[in-house]
Every structure is written in C-alpha cells, then in structure tokens.
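A quick write-up on the structure given underneath.
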Ligand code: SF4
Ligand code: ZN
C-alpha cells in the first residue's frame, strides 16, 4: 500500500480514517495530534515549565520525545520526573531507560523514590501488608497508585512545574471512562478529563497530551524512530477487569473502526458537566503532609500510617522518617 499523502510505501493503515501513512507522514500525523490536543484546550502556555512523568514505558517516553520536539519550536521548558516505586526486577531497568532518554535529549531528569519519600519500597509494603493475590488486605496497586499520585504532585511542586504531563493514551482514556461507568463511579470522571482546571494551589494541574493517540500508534512511533522504551510488565499487574474491557473495546474497534474516538468524544462532551458536579473545590490541607485532601489526612499519609502500624505489629523495622 502507498501513503495517501505522498505515494511512498506505507508503514501504517489508520482504519478509523481510511488512510495510509509512510514513515515521515506517520510521524507528522502523530505529532500533529499531540499539538492539536495541546492547542484545543490550551494545555501548555508560553513560558510554562512542564514536568513530564517518565516511567520508562512506551507512553511516557514517547511523550517526552514529542514534547521535547515541540519545545524546540514553542517557548516552554520541560523537566523529566521518574517515580521509583521499588519493584525489584522491573523498575531498575525502566528507570535506566528513562534516564537514557532524558540524557539523550538533554532534558533535566530527577528521580523520586518511594523509599526516600514514603519510607518503604512497594516490595517492602507488600511484604508487610500481605498481598491481595493471597487474599490479604489491599493489593499492591492500591498503595502504588495513591503514593505515585502523591509523589508526582510533590515532585512537580519540588521542581517548580506549572503543570504535570502524563502519558495517558487514547486506549487508557477510553478504558478508564468505561470502567468508571461500569462501576457506577461517575464522580471520578469529573476529576480528570480533556483539560485542566486549577482546583487548589497545592495541586499541580495534570495534562494528558497523548489522549488522542491510540496505543498502537505510540508503539509504532517508538519502533519506527528507534526510541528505546521498556515493554516489560509490572509483576503486580493483575487488573483483570481492565484487561476484559480492553479486549472488548479492541473487538469493537475492529468491527467498527473509530469506536475509540467516538467514546472519547462522548466523554469530552460530558466532562464539563461532570467536572461542575463532582470536582472538589473545597479541599483542606492534610494535617501530616500538607497536600490537598477532602478529609483531614490524605490517603497517602493514611496508607503510610497503616503500613507503619503493621510493620510495628510484625516487629519489622525499616528506616522510617
Ligand atoms: Fe504499581 Fe500496580 Fe502499576 Fe505495578 S501494576 S506499577 S504495582 S500500579
Ligand atoms: Zn498527607
């Protein structure tokens, strides 16, 4: 097949729009989707300092490369942030890859670890709390998700960033949307969406410049442009429900190309109403760490207290600050 634009050999067929792309025009198409997302919602302003959360995985590394490219033409600054959760056999490699990519692009890079800022690695937490898979307490992902969100916000403030860019792609957004609908958790959909709002001075606004780029295109972008990314999977990943939704959406996309974009458009239309109804605007400061929360103590601190308590019970000692 030939590229719809220039007639050269095509490397990609975008079934949802019936077009073929050569390497050059594929790159342009992906980059212009990111540019349009940023422009449509004013996600990045002139002179902004953008912290990019880079795990080393395909989405965040591609995000770093594309934002770096955009920052050459449009005046904003980027700084890469990596959260090291402390997951043996998985994180060390991906942290290395994040480091290499930032170095190659000449982007400043900082690493923030659970061990240093929470007090224990995720592996230690699982050891202390018992694992969900064994039917004990909460699963690793619950701690990980809450602490990562907390630490990313801390890190973004620490580097004086105006915004925090994360690598959510089209598939992630659509999965998240449907999962929350199926769980009846519509309120959650009002908290993050196509654009950001300043909800609290202690909360660095999150932006998702890749939310209109399908996962498939991110993988291909990395491969075609020889970008080193980590494709390995976290050993704690057991999100069976998400996997079912993902397979179902992919099946629908196969039968009805464009389904993912249609679902995203529906979400975008509903978002202003959801945000109005559900975004918390009356947040307090956590009594322990000072980060914004709806209650008195934030979820990250209450998880930390639980783990400290259990460690004490079990007589396990760690360096806890
Ligand atoms: Fe953390 Fe779970 Fe993701 Fe692993 S799969 S990095 S434990 S949230
Ligand atoms: Zn707190």
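Residue 1 is the first one shown; counting continues down the chain.
Note that Cβ sites are derived from N, Cα and C of the backbone, with glycine treated the same way.
Where the annotation comes from TrEMBL, it is an automatic prediction and has not been curated.
Between the candidates 83, 87, 199, TrEMBL assigns the ATP site shared with 53, 54, 55, 59, 167, 172 to 83. Residue 59 (ATP binding site) and residue 25 (Zn(2+) 1 binding site) are 20 Å apart (CA-CA, integer value). When the domain '2-thiouridine synthetase TtuA-like N-terminal LIM' (2-27) is classified with DSSP, helix, strand and coil residues number 5 helix, 8 strand, 13 coil. For residue 298 (Zn(2+) 2 binding site) paired with residue 83 (ATP binding site), the C-alpha to C-alpha distance reads 19 Å. Within the set of binding-site residues 3, 22, 286, 301, the entry lying nearest in space to residue 54 (ATP binding site) is 301 (CA atoms). For the Zn(2+) 2 site, the Cβ centre of 286, 289, 298, 301 serves as reference, and the other residues of the chain with Cβ at most 8 Å from it are 150, 287, 288, 290, 291, 293, 297, 299, 300, 302.
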